[in-house]
Amino acid sequence: MGLSDGEWQLVLNVWGKVEADLAGHGQEVLIRLFKNHPETLEKFDKFKNLKSEDEMKGSDDLKKHGNTVLSALGGILKKKGQHEAELKPLAQSHATKHKIPVKYLEFISEAIIQVLQSKHPGDFGADAQGAMSKALELFRNDMAAKYKELGFQG
């Protein structure tokens with residue numbers, strides 16, 4: 001299920017655009033996640049009180065967390081599948097502390113794809129979308145395997 005060198009290049013090319021505004025992209029990804037899947041909001045004590053999109057857009061904490069999420073994901077993507085060291089602490093915290101189900105990782109992957117489609121249509125055509133989808137699936141599968149090792153049935 002690995003990606004070719006060309007596919008990784010497509011992923012990292014569009015990711016360069018994301019890194020120009022990690023916090024802004026991250027905020028949009030989280031807002032889209034919470035709008036499309038309101039049940040995910042319950043996992044975030046800090047954001048549970050944010051009921052409207054305007055409240056979410058005005059939240060510095062949401063923007064900071066979006067930056068954290070996409071910064072971590074970028075570090076993983078740049079490893080081109082060789083992300084064991086980066087993944088282990090992330091899986092540990094998401095399985096044992098935050099109890100984030102794998103399904104929610106699918107939901108945020110969808111939100112990432114949607115935000116990239118809307119913000120970077122010229123750099124995120126069908127090939128880049130396919131490559132990013134594969135990269136995010138690889139990430140999710142590896143997270144799920146780590147969850148299993150940790151005894152978390154998320």
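Positions of Cβ are set from backbone N, Cα and C atoms, glycine also.
Per Swiss-Prot, these features apply:
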DOMAIN    2-148  domain 'Globin'
MOD_RES   S4  phosphoserine
BINDING   H65  O2 binding site
BINDING   H65  nitrite binding site
MOD_RES   T68  phosphothreonine
BINDING   H94  heme b binding site
Densest Cβ neighbourhood among H65, H94 (binding-site residues), 10 Å radius: H94
Among S4, T68 [modified residues], residue with fewest other Cβ within 10 Å: S4
Alpha-carbon distance [T68 (phosphothreonine); the residue listed as 'heme b binding site'] in Å: 14
DSSP-derived class (H/G/I helix, E/B strand, else coil) of S4 (phosphoserine): coil
